[in-house]
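Chemist: Per TrEMBL, the feature domain 'FMN hydroxy acid dehydrogenase' maps to 1-354. The glyoxylate binding site annotation in TrEMBL covers Y24, R165, H248, R251. Residues annotated as FMN binding site in TrEMBL: 77-79, S106, Q128, Y130, T156, K224, S246, 279-283, 302-303. What TrEMBL records for H248 is active site, proton acceptor.
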Amino acid sequence: MPLVCLRDFQAYAQKHLSKSTWDYIEGGADECFTRDDNITAFKKIRLRPRYLKDVQEVDTRTTVQGEEITAPICISPTGFHCLVWPDGEMSTARAAQAAGICYITSTYASCALEDIVATAPRGLRWFQLYMQSDKQLNKQLVQKVESLGFKALVITVDVPKLGNRRQDIQNQLDLKMNLLLKDLRSPKERNPMPYFQMFPIDASFCWNDLSWLQSITRLPIILKGILTKEDAELAVKHNVHGIIVSNHGGRQLDDVLASIDALAEVVAAVKGKMEVYLDGGIRTGNDVLKALALGAKCVFLGRPILWGLAYKQGEYGVEEVLNIIKNEFHTSMALTGCRSVAEINQDLIQFSRL
């Protein structure tokens, strides 16, 4: 039986992955309220379609940071893809290139950055950076990704400390113990660092440190994990180039706003001075449309990409996931009377009273 929606890929992955790997992918912080609310919050938004429009031609193309993509649906940074499929991030990169979208590669990629680039040389790539306590290591990573042709730096801001992920603690996350992070190593070390010995994330990194980061790279800097107007206004003040509204898939601080519920506040705060994106809870083409109607320039998929990676020889499963949600989005546009992404606006939605 063919898989016809992203939920089908989720069910397939749960059946075929080990329990500890599945728990790592699906797990959230504490009671997982925010993880689940990311999805249910979309169901509180209703669509207001407009009819009798010529939608024979519907164009899903848009741009992110000036680069054209085939649809406003890209890939979030998630780590350790080799847990799901042996080729790991190389398969993900090939699928993103084939789909004509952006792929944000994680600091905690389980494939070498050189291999990821070599396997998908024409792909649009951004690099997600967890700021490490070793400043030289940060500089080394930034210079490396810039030389490899990555087009932006995505700084994850919501992990000064790892969230309380109960299932990972119960499982003792033994699979990670065998993974090597090929790009996370001290400049003084020749060998990659095992996960359990890797450098700690820098809990002291703050707004004033952004100027140092900007001084060592020409890449646009995007902040991932912003949820409030106050932090959005500070992002504008510090001259970053974009924001990803995100709560880390509900994996960090539980009981925060669903990403989609925080989006409008952030969009209003930046006043068009930078692009705003969203991740968390995107499962259908309608979800994509709703996020764009609330001001997102693009959405990013996290868990669904890993579900796809677990299916049908890695990259082909990811391609199917992307094709399904892109086709759903195309249908959503046509059925609401939108011929281009530029025509999607807040008039297309209303919040349910239920």
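Placed from the backbone N, Cα and C atoms, the Cβ positions cover glycine too.
Because TrEMBL annotations are produced automatically, they should be read as predictions rather than curated entries.
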Chemist: Just to verify a number: CA distance, S246 (FMN binding site) to Y24 (glyoxylate binding site), in angstrom, no decimals.
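Modeler: One finds 18 Å between the Cα atoms of these residues.
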Chemist: Including all protein chains displayed, how many Cβ atoms other than that of S246 (FMN binding site) lie within 10 Å of its Cβ?
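Modeler: Around S246 (FMN binding site), other Cβ atoms within 10 Å: 25.
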Chemist: Please give the glyoxylate site's span as the largest CA-CA distance among Y24, R165, H248, R251, to the nearest whole angstrom.
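Modeler: 13 Å is the greatest Cα spacing among the residues binding glyoxylate.
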Chemist: Using the recorded glyoxylate site (Y24, R165, H248, R251) as reference, state which further residues of the same chain have their Cβ within 8 Å of the centre of those residues' Cβ atoms, listed in sequence order.
Modeler: G27, G28, A29, G163, D168, G249, G250, Q252
Chemist: Check the Cα-Cα distances from Q128 (FMN binding site) to the binding-site residues Y24, R165, H248, R251 and tell me which is shortest.
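Modeler: Closest by Cα: H248.
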Chemist: Between the Cα atoms of G302 (FMN binding site) and H248 (glyoxylate binding site), what distance do you get, rounded to the nearest Å?
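Modeler: Cα-Cα, rounded: 9 Å.
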Chemist: For the domain 'FMN hydroxy acid dehydrogenase' (1-354), what is the mean per-residue pLDDT, to the nearest integer?
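Modeler: Computed over the domain 'FMN hydroxy acid dehydrogenase' (1-354), the mean pLDDT is 92 on the 0 to 100 scale.
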Chemist: Which of R165, H248, R251 has the fewest nearby Cβ atoms, counting only those within 10 Å, among these binding-site residues?
Modeler: R165
Chemist: Given the binding-site residues G79, T156, G280, I282, tell me which ones have a C-alpha lying within 10 Å of the C-alpha of H248 (glyoxylate binding site).
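Modeler: So far as Cα distances go, the binding-site residues lying within 10 Å of H248 (glyoxylate binding site) are T156, G280.
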